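Here the structure is laid out as C-alpha cells; the discussion comes afterwards.
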Amino acid sequence: MPFNHNSKAKRPKFLLDLQIKELVNIPQSSGYCYTKWRLKDGTGTSGHKVALDGEHQTTSTQSRGTTKHVHVQHHRAQWNYSLDKPILVKLHLDKNGRFLKKILVLDVFFEFADANSSLTSSSSPNGKVKKTTYANATALTATGNNSYSQKITGKLLLGTVDIDITEYVKEDETPTTNRFLLKHSKVNSIINVSLQLKLVRGSYEDFNISKSFTNGQLANYRPGINTILDNTSELSSPTSTTNQMSPKNTFSNFNGIGTTVAKPGTNATGNSTSIKSPTSTNHKSSEMTTKPGLSTTISSSMSPLIESLYQKTFKLPWDPRPGEFTPRECVEDILQGGNGWAKNEKGINLIDLQALRLNEMEEEYYNPNYGNNLGNKASSWPPNPSDDGYSTMGKREYLEKKQNWSHMSRAQRAKLRTHNDEDNENTANDKGSDKDNNSVEDNNPTDFLTDRIRENKNWSIITPSG
C-alpha cells in the first residue's frame with residue numbers, strides 16, 4: 001500500500017466516540033461504582049469544529065472524564081455513559097505507515113456504602129457531588145445522575161484497562177464493542193466498552209489498518225442469563241404458532257409477585273410491534289405481535305434467581321477453622337486490602353497463632369524443660385481453656401514466642417524426639433508388667449497430646465476407621 005509522506009498525512013485526525021456501558025461480576029452486592037477515563041498524552045488537538053460531510057460539527061478536546069456513580073445491583077453496575085461531543089484526536093504514524101499507540105486508560109473504582117446510615121440529598125441544579133468529611137467516613141450526597149442515599153465508608157480501585165484506540169480504526173467507521181477483564185485486580189470483573197473512530201483529516205490509503213486486537217478483549221462473552229434471555233427474546237420464532245396471548249395475562253415471577261402483561265400488538269404508546277417468523281406451515285411469512293418490554297420483564301423477574309444462585313456459591317458446605325472468615329467475608333477482606341485471613345484485635349492472623357500453639361505443645365511434649373526455660377511461658381499459655389490468648393497477643397509477643405520454639409533446627413528436633421522416645425520406653429519397661437494395660441493406655445502422654453491437638457484442630461475432618 002503506498003504511503004503518502006505528506007506531513008499532515010502522517011498525523012491523521014479522527015473523531016472518537018466513547019461509550020462505557022456496564023461492569024459485571026462485581027463481588028459485592030451493594031455499594032457504588034464509577035469509572036475514570038483518560039487519554040495518555042492528551043488529544044494533540046486544539047480545534048473545536050471540524051467539517052464533516054460538508055457540515056461543521058462541534059467537537060471536544062477533553063482528554064479525561066468520569067462516569068456517574070451508580071448503585072451496584074445484582075453484582076452489576078450499568079452506566080450507559082457516552083460523550084456529549086465526539087473528541088478530536090490526532091494520531092501519529094511511523095515510517096511504515098503503521099499507527100503509533102494511543103492508549104485510553106480506564107480506572108474502575110468501587111465505593112463501600114454503610115447500609116445503616118442514610119443521607120439527605122441536597123438540591124443542586126447541576127448534580128455535582130458534594131463531599132463531607134467525618135471522623136471515620138466520607139459521606140457523599142448528590143442529585144441528578146449521581147444518587148447517593150448512604151454513607152460512603154471507603155473507596156477501592158477495582159482494576160484498570162488499557163485500550164489502544166488505533167486498533168479501532170475501521171474503514172467502514174462502525175462502532176466496535178468489546179469486553180475487557182480488569183487488570184491489576186483481585187476480582188474477575190468485566191467492563192463493556194464501545195469505541196468508534198471517524199476520519200476527518202487524511203485518507204485511508206495513507207496508513208495501514210490493524211486487522212486484530214492485542215489488548216486482551218474477551219470475544220463472544222455473555223455476562224449472564226439475563227443477557228441470554230434478552231437476546232433470545234428478540235430472535236425470530238422458528239415456526240408459526242396458533243397460541244395467542246389473551247388481552248391481559250398475569251404470571252408470577254420468582255418473588256411471588258404477579259406481573260401483568262398488556263395486550264399483545266400494542267405498546268405503551270399504542271403502536272404495535274411484530275416479529276416475523278422465517279417459516280410457517282403454509283410456507284408464508286407470518287407475524288407474531290409481542291410487547292417490546294416483555295423481555296425486560298422476564299429479565300427483571302429472573303434477577304432474584306440469579307441473586308440466589310450467586311449467593312449459594314458463597315455458602316458451599318466446608319469446614320472452616322474456628323474464628324476464620326466465611327467465603328463471603330474472605331472476599332470482602334481481600335477487596336478491602338486484607339489477605340483473606342481473620343485476625344485478632346492486634347492484627348495477628350489467627351491461623352499463625354494456631355500454628356504457634358500447636359508447635360508449642362509439640363515442643364513442650366518432646367522437650368520437658370522447654371516450659372521451664374527463662375522467659376518462656378509456653379506451659380502457662382493460654383492461661384486457661386476459656387482464654388485462648390488470641391485477642392490479647394500483640395505482634396511483639398507473637399514474634400518472641402515464635403523465636404522460642406524455632407531456635408532448634410529440624411535435625412536437632414528429630415534427634416531430641418528419638419532420645420526422649422527411648423527414655424520413655426525404658427521407663428515403661430522398669431514399671432513392670434503387673435499393671436493393667438488399659439490403665440497404662442489411658443494415661444499414655446501420647447494420647448493426651450493427641451487429644452489436645454485434636455481439640456485445637458477441631459476444624460479437621462476425622463474419618464472413622466473400619
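Every residue, even glycine, has its Cβ placed from backbone N, Cα and C.
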Where Swiss-Prot places phosphoserine when the choices are Ser236, Ser274, Ser280, Ser433: Ser433
Site from Ser122, Ser286, Ser439 that Swiss-Prot describes as phosphoserine, others unannotated there: Ser439
Given ranges 40-76, 262-298, the stretch to which Swiss-Prot attaches the annotation region 'Disordered': 262-298
Mean predicted confidence [pLDDT] for the domain 'C2 NT-type' (4-199): 78
